[in-house]
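Here is the structure we will look at, set down as structure tokens.
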Amino acid sequence: MADATAGDGIAPEENRSASGLLLSADGTPLKNSIARAERRARIRAFLLILPLLAFVMVSFIAPIADMLFRSVENDIVADTLPRTVVELQDWDPASGVPGEPVFEAFYADMLDATEAKIHTRLGSRLNYEESGMSSLFRKTNARRLGRIDDTQPLAPQFEKIDEDWATVEPWAILKTFSARYTPGYFLQAADMKLTPEGVESVDETQQIYIKLFWRTIILSLTITCSCLLLGYPVAWLLANLPMKSANILMILVLLPFWTSLLVRTSAWKVLLQEQGVINDILVWIGLVNDGARLVLINNQIGTVIAMTHILLPFMILPLYSVMKTIPPSYLRAAKSMGANDWVAFWRVYFPQSIPGIGAGAILVFILAIGYYITPELVGGTSGTFISNRIAFHISTSLNWGLAAALGSLLLILVMGLYWLYDKIVGIDNVKLG
Amino acid sequence: MTESSDAFVEFERVQKSYDGETLVVKDLNLNIGKGEFLTMLGPSGSGKTTCLMMLAGFETATHGDIRLDGKPINSVPPHKRGIGMVFQNYALFPHMTVAENLAFPLEVRKMGKADIEAKVKRALDMVQMGAFGGRRPAQLSGGQQQRVAVARALVFDPELVLMDEPLGALDKQLREQMQFEIKHIHEELGVTVVYVTHDQSEALTMSDRIAVFNDGKIQQLAPPPTLYEKPDNSFVAQFIGENNTLDATVDSVDGRFARVRFNDGTLSRALAVNCGGPGSQTRLSLRPERVEFDANVEPDEEGVTGLVKELIYLGDHIRVRMEVLGNRDFVVKVPNGAEVSELRVGETAGLTWRAEDCRALDAA
Ligand SMILES: Nc1ncnc2c1ncn2[C@@H]1O[C@H](COP(=O)(O)OP(=O)(O)OP(=O)(O)O)[C@@H](O)[C@H]1O
Ligand SMILES: [Mg+2]
């Protein structure tokens, strides 16, 4: 049989094409057959994850993309005042109030806008950049525009509606923000603003976001550290106690998960307030003077305490899952070689628990940096996070662009810290179970 | 070296219970001489590891004294006992390189850098791992990890080294090679070794003395040849090497020998080692290689007939499985020769042995 196929002088076990490619039994190149065989498996695997993929796209990727888009999107000026934007292109704010063609275009645009009742929205949008713009646009309403005689020069008639139209500022603002995409929200989120003269920082008294970002990071780090300090011994106990006690302890660790977040946070209010349980006890045992009760809530201390409690399980569980895999024989080996308890722990046990620390720390930190409810309830004014500000802009001031910019910055910040972490600790060192 | 009179390690009436209900170690008395290689051999769960852990200080004895070099060590913490240890899974620290692993016991002893380096190098060379100092344990094969574990247990010059089934995870060939190497190191350094295994051939090849454990007790403590040739009880006879058993009743005891009666009524003689008085049950133990095919029973010999059930050809010798007095697994080892060719499956054949080689033991 070997002779039959070996007639052309090629190794009998293998089919080869003229160019030396390996061929499969039916004569197609082996690589193609493998690709074909594997393609079907790949398609099936893809179909299996398709529902999840769709879900993730719709519920996760799309909102993030939308947020990133909103943080720079600025269609409203160009959409509401299309002709004005075109006319303003050649205008230089240094040359004074724009000429009659701009006013003509603006008049036509405003007639359309007031009829569609969208001119006040434009006013609100521009008010984010310069206060006064909102009332200016509200004043320039359909009734007042109706009195304008478009055969006469328009500039003086607009001046009559509001004398601000005879100054450079509103036009400069319009021109500055006429682009469809603007860095304005991001600059605002970084305590800067876009003016017709360029980028400048806002008044020192109005700078809040940078400070808030810093506070969010520092508090999140504090919370992560205190979670680690409190969680490490608990995780160690969990991993080393006999099964029965460990199970009870595990239930205690998980108990917070089964209680509503709101209930837990409110409980802290009861405990921490000036007339609360903790202060009462401290006064009772004489550690604290009744006149000088500790302020533990509505400040940063309150936020740190309550958040540490709430995020503690996220530290304990990864730590536990890593510690569980460290066999006790390592500690015994260390001791048999002459290391006392502390050296054995520090040189042998601790280094092996670092992946758990890494996982827990990253989890807690990332959860903390975006936390909203707890700081809102117990943080007062000094203990709130950037996320509280984002919520404010979304639901109260309705400045979604700024909220999106702040959110995007937060996202970039987290990714930056993640990158930093990867550089310093190494993400391979993180183990979640 | 065997039977050292000045005991280096002493277990005196040691008992151990984990749960307060059952004794895992019952009344252990054991003296280990300096420089001795003593093996604890026994089936799983017989308390070997527990004894080792008590000696190392990781478990406390419920009752009794353990002395090291004459001093009681019950209250000495593990890290002050200065006992080297090789664990079953090696317990090499995964986050340290091989050299760092070896340097660890020296560092905690606050030794100088140069000293440490020299000692680590010497220890690694001793186990032929000199070139692997920079590797992590995970980058080593099982056998290499095992060598490192041995080197680490020896690097700080302990006088006593405990090894808990150190070769359990290795394949047969590597295990045999490592047995030789460990034995070699032991002879070279003269350290005292307490070795745990449940592999009897490992115990037989390496040890000066073997303590056979079962059920929390030492069944027999003896050098390997004694253990094989003169087992004290049925458990040891059965556990060490291949063994044929025949149940019988003691008829009379006369000096060293006992006259025993088989179930079919035939009488025979056996060495009275561990049997009761007349009327008591006994179990006779016979090594397969001490039985011969022979119809003529000489004066100092005993004989029976049996049915040949199976012939297993093993080259240099043949294993013949027979049914003898109700025992269907009676094995006889015959050298390959002319007499084998006369054996046929299904035929009866005469068996003889010297009364010396048949030991009457407890009936357990
Ligand atoms: N920490 C413990 N708690 C309770 N019981 C234990 C503990 N360790 C061992 N035992 C019990 O003690 C007995 C002896 O165990 P030990 O580990 O000494 O056996 P061993 O002879 O080393 O067995 P193996 O050959 O399987 O290693 C077993 O029945 C075991 O179940
Ligand atoms: Mg064991």
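One is the number of the first residue shown, and numbering goes on along the chain from there.
Any Cβ shown, glycine's included, is placed from N, Cα and C.
Curation plays no part in TrEMBL annotations; they are all automatic predictions.
What TrEMBL lists as domain 'ABC transmembrane type-1' is A:213-421.
Annotation comment: TrEMBL describes A:45-65 (among others) as transmembrane segment.
Annotation source TrEMBL lists transmembrane segment at A:212-239 (among others).
Within its own chain, the transmembrane segment (A:246-263) has Cβ neighbours under 8 Å at 234, 237-240, 309-310, 312-313, 316-317, 373-374, 377, counting only residues six or more beyond its boundaries. What TrEMBL lists as transmembrane segment is A:246-263 (among others).
The annotation transmembrane segment is assigned in TrEMBL to A:301-322 (among others).
Only residues 6 or more beyond the boundaries of the transmembrane segment (A:354-373), in the same chain, are considered here, and those with a CB under 8 A from a CB of the stretch are 216-217, 219-221, 223-224, 227-228, 231-232, 235, 261-262, 265, 307, 311, 314-323, 385-388, 391, 410, 413-414, 417-418, 421, 425, 429-432. What TrEMBL lists as transmembrane segment is A:354-373 (among others).
Summarising the annotation, TrEMBL assigns transmembrane segment to A:400-421 (among others).
Here the transmembrane segment (A:400-421) has Cβ contacts under 8 Å with residues 64, 67-74, 128, 184-186, 188-190, 209, 213, 217, 358, 362, 365-366, 369-370, 386-387, 389-390, 393-394, 427 of the same chain, all six or more residues outside its ends.
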